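**Q** Below you'll find the structure I mean.
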Amino acid sequence: MKLLLIIINIIFCGLITCSITMFLAGGAIGENYTDSLFVAPHYFLILPIWGIGVSLLWLYFYKKKLKNVFFMEIILINIIPWIALFLGVFFTHWVL
């Protein structure tokens, strides 16, 4: 049950991350005055930043055995991919 919660959260967050990345990289209708598919390809940097967050999450649960982790800790730690998504959007939109 614990592993299922983690995997479902990572898959759902990954789908949302890919959707947001594709939308931002493709640009809105008004931005795409060229005939290119991706107007702002620098938004693809969201994916590696999110991947680092997921890797840290997986490393945490790999080092600490899953049977020793409480459900509340799983719920709190599962926020890491969502924070990584926010940091990726923030970094690529306002820093670059």
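Cβ coordinates come from backbone N, Cα and C, glycine included.
So TrEMBL has the following annotated:
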type	residues	note
TRANSMEM	7-30	transmembrane segment
TRANSMEM	42-62	transmembrane segment
TRANSMEM	74-95	transmembrane segment
**Q** Are there residues at least six beyond either end of the transmembrane segment (74-95) with Cβ under 8 Å to its Cβ atoms? List them, or say none.
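**A** Counting only partners 6 or more residues beyond its ends, the transmembrane segment (74-95) has Cβ contacts under 8 Å with 2, 5-6, 9-10, 13-14, 16-17, 20, 24, 42-43, 45-47, 49-50, 52-54, 56-57, 60-61.
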**Q** Would you mind listing the long-range same-chain contacts of the transmembrane segment (7-30), meaning Cβ under 8 Å and 6+ residues beyond its ends?
**A** 37-41, 43-44, 46-47, 50, 54, 57, 78, 81-82, 85, 88-89, 92-93
